[in-house]
Amino acid sequence: MRKKIVAGNWKMNLTFEEGQKLTTEIVNMYKDENIKDVTVVLNPPFVHLFSVKKLVGNTPNLFLGGQNCSDKASGAFTGETSATMLKSFGAEYVIIGHSERREYFKESNELLTAKVKQALENGLTPIFCCGEPLEIREAGTHEDYVKNQLTESLFGLSEEDFAKIVIAYEPIWAIGTGKTASSDQAQEMHKALRDHLASKYGQEAADNTSILYGGSCNPANAKDIFSKADVDGGLIGGASLKSRDFMDIINSF
Ligand code: PEP
């Protein structure tokens, strides 16, 4: 049985006080609303990790993740954060290959393979992002484009390592734009990606892989999107900065 996961990506938002307030609200609501069977991951900026972890404590099924990690283990790489450091601060997950990293920081499929390896070597679960830009969707080649992202970055992994990966399908034209993929569009892609994973790792491994949807997910559309057979949760940007919205998305399962 694959996990249902909702991960909040705070991106480069929130001061220390704002991060504390948001986390406190989420932890309290999470306990009050008795969330079950959903794994929730908070992905704050690195500087918040320690203080967010203190507030989250050992709340069951509520985890911490990074938004990125270095492809290197350690050393003279000013400004970088290693997977080892993330783990030592209590993170269990790390987002890898977000489209903003791919676009603004020129992260290639090859570099992302190295980041995934660093994450796995340090016991972190990679939330591996993939997704097509608008022009690729309009050209109708989106399926091949996204499958290729998975092939190039992940298909060198052993079966054992692949079993630890979470995928997030995020059409770039839907991220932060208020334009969501329809639930049918999401299902179509998730099914195509699962079939692609099955072609390499077998049906059982593909069926056990959580594939999250990301792109303007909100309390009004989450129920419809999460109801689809191959959608196992969401990677949430904007709406993860509002505790009530984030909880309502979690409660959409
Ligand atoms: C994201 O950053 O991964 C994301 C999906 O953002 P938003 O929900 O704001 O579109």
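The backbone N, Cα and C atoms fix where each Cβ goes, glycine too.
In TrEMBL, annotation is done automatically, which means it is predicted and not curated.
DSSP assigns LYS11 (substrate binding site) to coil in the three-state reduction, placing it in neither a helix nor a strand. Counted within 10 Å of its Cβ, the other Cβ atoms near LYS11 (substrate binding site) come to 18, all protein chains included. Residues or ranges marked as substrate binding site by TrEMBL: ASN9, TRP10, LYS11, GLY176, SER216, GLY237, GLY238.
Annotation comment: TrEMBL describes HIS98 as active site, electrophile. Neighbours of HIS98 (active site, electrophile), defined as other CB atoms within 10 A of its CB across all chains, total 27.
For GLU170, the entry in TrEMBL reads active site, proton acceptor. There are 28 other CB atoms within 10 A of the CB of GLU170 (active site, proton acceptor), with all protein chains counted.
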Other C-beta atoms that fall within 10 angstroms of the C-beta of SER216 (substrate binding site): 20
Cα-nearest neighbour of GLU170 (active site, proton acceptor) within the listed recorded positions, ASN9, TRP10, LYS11, HIS98, GLY237: HIS98
Taking every pair from ASN9, TRP10, LYS11, GLY176, SER216, GLY237, GLY238, which the record gives as binding substrate, the longest CA to CA distance in angstrom is 14
When each of the binding-site residues GLY237, GLY238 is scored by other CB atoms within 10 A, the minimum falls on GLY238
